[in-house]
Amino acid sequence: VATVDCSDYPKPACTVEYMPLCGSDNKTYDNKCNFCNAVVDSNGTLTLSHFGKC
């Protein structure tokens, strides 16, 4: 199972680096920062489906 450590999030701003991750909501996030901010917003219900685009 793929996991991402989001313990140091949320961050107020994310970089524009492109390293896509696919969330359990079937949405592609541009990078870990965007994904982790979404995880925090979802109260932990969002998880990583896999690395790369959905």
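The backbone N, Cα and C atoms fix where each Cβ goes, glycine too.
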In Swiss-Prot, the N-linked glycosylation site annotation, restricted to ASN26, ASN43, falls on ASN43
Among CYS14, CYS22, CYS33, Swiss-Prot lists the disulphide partner of CYS54 as CYS22
For the domain 'Kazal-like' (4-54), the averaged pLDDT of the predicted model is 96
Counting other CB atoms within 10 Å of each candidate's CB, the least crowded of the disulfide-bonded residues CYS6, CYS14, CYS36, CYS54 is CYS54
Close in space but at least six residues away in sequence, with Cβ under 8 Å from that of CYS22 (disulfide bond), the same-chain residues are THR28, TYR29, LEU48, SER49, HIS50, PHE51, GLY52, LYS53, CYS54
Among the recorded positions listed as CYS6, CYS36, ASN43, the Cα nearest the Cα of CYS14 (disulfide bond) belongs to CYS36
